[in-house]
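Before any comments, here is the structure.
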Amino acid sequence: MSEAQQRSVRPTPEDTLDQEAALADSLGGERAQPRRRRERLTMETLVAGLNPQQREAVLHEGPPVLVVAGAGSGKTRVLTRRIAYLVAQRNVHPGSILAITFTNKAAAEMRGRVQELVGNRAKLMWVSTFHSACVRILRAEIHRFNLTRTFSIYDDADSKRLMQLVAHDLSLDPKRYPVRAILNWVSTCKNELVDHESARSRVNTELEENYLAAYQEYQRRLTAANALDFDDLIMTTVHLMQAFPELREQYRRRFRHVLVDEYQDTNHAQYALIRELCSAEVDGGQVGDEVTVDPPELMVVGDSDQSIYAFRGATIRNINDFESDFPGAAVIMLEQNYRSTQTILSAANAVIVKNEGRKPKRLWSDSGDGEAIVGYVADTEHDEASFVAREIDALRDAGRARYADCAVFYRTNAQSRPFEEVFIRLGLPYKVVGGVRFYERREVRDAIAYLRAIANRADDVSVRRILNVPKRGIGDRAEEAVEALAARERISFGEALRRIDDVTGLAPRSAKQLIGFADFLDEHEAMVAEGVPADQILTSVLQKSGYLAELQSSTDPQDQTRLENLVELVAVAREFVAGAIGGGAGADALDSLLADDGVLVGAGLDPQLRAEALEQATEDGELDLGAGAPEPDASLGAFLERVALVADSDQIPPPPGVEDEGVVTLMTLHTAKGLEFDTVFLTGLEDGVFPHQRALTSMSELEEERRLAYVGVTRARKRLYVSRAVVRAAWGAPQHNPASRFLAEIPDRLLDWRRTEQATTSWRSTSATRQVQERWKERVGFGARPKVRTVPNVAAGDRVLHTTFGMGTVIATTGSGDDTKADVDFGSAGVKRLSLRHAPLEKL
Ligand SMILES: Nc1ncnc2c1ncn2[C@@H]1O[C@H](COP(=O)(O)OP(=O)(O)OP(=O)(O)O)[C@@H](O)[C@H]1O
Ligand SMILES: [Mg+2]
């Protein structure tokens, strides 16, 4: 029975709540609403619409429980419902619930659903990603490891920059020691909880000896900069709990229920954290440490067929060994899929059974066969994009889909480009999730570096990034002189800036500029100390640093875009501050808010919980604080934390309202995990693209790619399209790719081929490149045919194909007739100036 059918038989809790809300509204009593909810949230409503296994999972009490099941079987729904049930029926305090989800998007969804079910009490829960939860713990506890709570969080780009400095200073040959490789080694160590001291045990070769040296120096500089990288967030939290057993006890007392979604993608460090919090026996503590607190109830849900983060250390072992890790654990299997049609499911199953050594799973759907899967073979990636765009338009015209119901998936971020080009041309609204993300743009990173330098002067990477941005005449020599003082005195670079008089060998002009820069930092640091909100600090920084002025006076059109991005960043900060401060009346308001909810009244409330309730309520704009109440967190530090933890999938557009039909979502398969869409386009199904080139020679990587395919297929609810391009411009040169082996694994009976490779015969016999080459020969007079000297007629913005450089976009043309030259941007192959008469190039 589909969800729609079920709804007509018996109202789901959501329906009941809608009716309740309407009723409460009509009574005009906002306050009456939460109480009514509480009364009406009976057992039946809480488990309504669940099948027996799901119900068992929701009601389970006591020992740890693992819910394993295929995609779309309601695992996330079980978690969400269980939380509601715990609070409503088992009187569990929301503040004692920790729910871990992989993306911030999923976290928001979970909180939202629980809020629908139990009202304001949901605000007291911790619902977050592993990283966010650890940051929260670390902010409170990290002083025990001699860092301060204002520590910076280094993202991938920062880590890379820092490692570059380290590798350079250690004179490591970049060919033998690419920064990526060193960082991977370090990351693997951290994911396995091996810190820079114990890593020596892993060193056997000279190569590893140097990795270790880099790890140690990198970590020394991170600590000196009062910073942690992403992997540190988890490792450090685990190490804190192991080093301070009383701390572990404190958090065990606090979290009585721990729930983890997407457990198949946890790595060892994350697993260890769960163990610290939930295991009946803990390791890592000192002799004589006893666990005095009963372990909390633990529920994890996952699907080993969807494990797609092995490259970040995720291990299926955590699911497979759950029962031995947590003796006495219960395992519940779900078998009914509520998301997809049987056709889509059959395709997914047919692909995933090709992986070896997996436990067979039964997954069925009763929502009927539905539509056949549509297959399409395009000539080029541009044709593939056009096909997708046409199809979305046709579905929409027929009233069968809104833009927001459609998603286009691809293997790597770079593949979004042709889709964007076609969508822009056709005016089809879309949003790319991931790719060059907003926070990775140069100007945004510069602005954030300014803020970080102000929040944490010891953050060398940030301070040095903006030292001469915009240009203020501080050259490399001056920077080195300051660095020398910092090294000599064992202080941070930022600290050394305060002692310019002690820096030797500085030209007076440089000294003056450095002092000006240090004053600028001091001035803004004082603003932070005074509690000036983050948005005002950002605005002041952009103005007083001269950054805005430089962009404003530039004639480069790109600088215009940069300016717009900074305006956007200020808007983000403003929104953040507004959300943090909200409107209302003081600490009493919190009590009445909580009292209204029927929980947490009076003096019995744990002060830490109370502080958190306050934080949550103000964050949600429900409370404003009068004098005497703790400050809401609109601070620079809080803003930077928010910025550091945004996930790719946070950019997924919100579901459309009644008027608004939203936009098409473009994203990589990795980002799509956990989501669902009515219509899914799975594109680029070519060997070498998906599965990725790298996976073609490794069995285990190929299996991981296959799980990725399984994730992709199972995102679709009603309609699935699978497509590929015969010729694709990868890394510049067009390549002729064979069909993905995953395509062949989908049984033909499920497929409706709209266009097959036969239809592309002209491309089959000779590749696109070869055709261009032939025509070029004709044009420039090679070969047997008579000379035809035509110059391709291109203009800025046109797409072209070059036999060597591949696909490109014309930036500008100069000259005329036979002398016309064009500047063409070939992406990774760079920008080339070409004579149009001679270049083997063709307009697309
Ligand atoms: N018992 C049920 N009755 C009706 N619909 C259900 C039921 N259980 C789950 N669903 C719906 O099925 C869809 C898939 O559920 P959910 O996202 O919880 O699955 P999942 O197992 O977490 O999937 P994934 O493995 O992709 O994360 C959702 O739209 C959910 O609302
Ligand atoms: Mg899920």
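All positions are counted from 1 along the displayed chain.
Cβ from N, Cα, C; glycine included.
A TrEMBL annotation is a machine prediction, not a hand-curated record.
Keep in mind it's a predicted model, so treat the numbers as computed, not measured.
According to TrEMBL, the protein carries these features:
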BINDING   A69, G70, A71, G72, S73, G74, K75, T76  ATP binding site
DOMAIN    48-341  domain 'UvrD-like helicase ATP-binding'
DOMAIN    342-674  domain 'UvrD-like helicase C-terminal'
REGION    1-40  region 'Disordered'
**OP:** For the recorded ATP site, enumerate neighbouring residues of the same chain (Cβ within 8 Å of the Cβ centroid of A69, G70, A71, G72, S73, G74, K75, T76, site residues themselves excluded), in sequence order.
**Re:** D303, L334, N337, Y338, R339
Original post:
By a simple count, how many Cβ atoms lie within 10 Å of the Cβ of G72 (ATP binding site), its own Cβ left out?
Top reply: 25
Original post:
Taking the Cβ of S73 (ATP binding site) as centre, how many other Cβ atoms lie within 10 Å?
Top reply: 28
**OP:** Please work out which residue of G70, G74 has the most C-beta neighbours within 10 angstroms of its C-beta, and give that one of the binding-site residues.
**Re:** G70
**OP:** Consider only the binding-site residues G70, G72, K75, T76: which of them have a Cβ under 6 Å from an atom of ligand 2? Write none if no residue does.
**Re:** K75, T76
Subject >> Per-residue pLDDT averaged over the domain 'UvrD-like helicase ATP-binding' (48-341), given as an integer >> reply: 89
Original post:
With respect to ligand 1, which members of the binding-site residues G70, A71, G72, G74 satisfy a Cβ distance under 6 angstroms to one of its atoms?
Top reply: A71, G72, G74
**OP:** Would you mind pulling the DSSP three-state label for A69 (ATP binding site)?
**Re:** strand
Original post:
If one looks at the chain holding K75 (ATP binding site), which residues at least 6 apart in sequence have a CB under 8 angstroms from its CB?
Top reply: V67, A69, D261, V301, G302, D303, L334
**OP:** May I ask you to report the DSSP-based helix, strand or coil state of K75 (ATP binding site)?
**Re:** helix
